[in-house]
Amino acid sequence: MGNCLDSSAKVDNSNHSPHANSASSGSKVSSKTSRSTGPSGLSTTSYSTDSSFGPLPTLRTEGEILSSPNLKAFTFNELKNATKNFRQDNLLGEGGFGCVFKGWIDQTSLTASRPGSGIVVAVKQLKPEGFQGHKEWLTEVNYLGQLSHPNLVLLVGYCAEGENRLLVYEFMPKGSLENHLFRRGAQPLTWAIRMKVAVGAAKGLTFLHEAKSQVIYRDFKAANILLDADFNAKLSDFGLAKAGPTGDNTHVSTKVIGTHGYAAPEYVATGRLTAKSDVYSFGVVLLELISGRRAMDNSNGGNEYSLVDWATPYLGDKRKLFRIMDTKLGGQYPQKGAFTAANLALQCLNPDAKLRPKMSEVLVTLEQLESVAKPGTKHTQMESPRFHHSSVMQKSPVRYSHDRPLLHMTPGASPLPSYTQSPRVR
């Protein structure tokens, strides 16, 4: 696909282990993982409780990455057969990177099977001229070919035949969080489901951040959070992932790349990347879950507003919090839990990166919120008044500052892309 890297090219990623401390149990898991067959028929991972593990190779050649024993190398014809020649009626979504199709493979051999039989998968086909180039494609294969966790999307295999670049993932029937929050006609998510999704996403980020060789996700957003049939959240699209700082380094200096509205301000301004950059992005998504609004909103007469700038004045005020709560919740949420979630978002969005909590700390709070939000749990409902979307935006017209050093923006991508793509900062 265009100017591809040759087989000896290196991928810029440092050591990273697929094992982290569990924020809920406090126990470590080891790098001794084994793949087993889950309910869907696809390979999942079981973990040993051995606390000893070592780092993965710092740099790997393309040949080493593509020879991962955890991934199947598909031929282009196999994926053509699996998707019925990429027929439009199998199209799941489309974005700047290309298209995603539903496909079927045999559970045992992983070869193409008849539509409706075998295992359903999502096949992402990159456009040669798309925004997600070979380097990002290879980075995703590199990370997901080694990392395995219940809250990371499972990469089944890939195709690198000629200029064709495809990725084969487990199928996520509920699609992206972005669709559920913002797509017209979507069934509103209950408060309990929103907290469940937040917990799952937080577990995925905690796993990446607390691995022995840290991984910074760098593109955390609603479009990259995919949901299975039970609304369990899994992180997808690792094309922008970056190895965390090593040794005495406190940050990684890198080209500014991410998504407009989600990227941490200090990263946009300086290119200094830390795990706290991901924490900021998580705060934005948590704010989207609370408010039902996009990170960047241009619905008010075409003027673009930052959700963070607009909502921040209300997050720490119990009496005014109802003004930013998603009206689609119909007032059905615990007042105390909503205020705790709002305060947590405020902490994640602290302009001073050092004062933001760790993802493991965020996870502890979210798990407490999830436990009291489960159906059947008694809590105080907070009735929010009915008001029109645009009138709320006018209550606090903090306009997004366009003098920030933002770079070129392109659409983001995920195995099951959203109907409307979030702009990516480059």
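Along the chain as shown, residues are numbered 1 onward.
Cβ coordinates are placed from backbone N, Cα and C, and glycine is handled just like the others.
Record check of Thr49, Thr254, Thr377 in Swiss-Prot: the feature O-UMP-threonine is attached to Thr254. Among Ser52, Ser253, Ser418, the residue that Swiss-Prot annotates as O-UMP-serine is Ser253. In the three-state DSSP reading, Thr254 (phosphothreonine) counts as coil. The number of other Cβ atoms within 10 Å of the Cβ belonging to Tyr267 (phosphotyrosine), over all protein chains shown, comes to 26. DSSP gives Thr75 (phosphothreonine) a coil state; it is part of no helix or strand. Look at the Cβ of each of the modified residues Thr254, Thr259 and count the other Cβ atoms within 10 Å; the largest number goes with Thr259. Around Val100 (ATP binding site), a 10 Å sphere centred on its CB holds 24 further CB atoms from the protein chains shown. Inclusion criterion for the recorded positions Thr75, Leu92, Gly98, Thr259, Tyr267: a C-alpha placed within 10 angstroms of the C-alpha of Asp219 (active site, proton acceptor); this criterion is met by Thr259.
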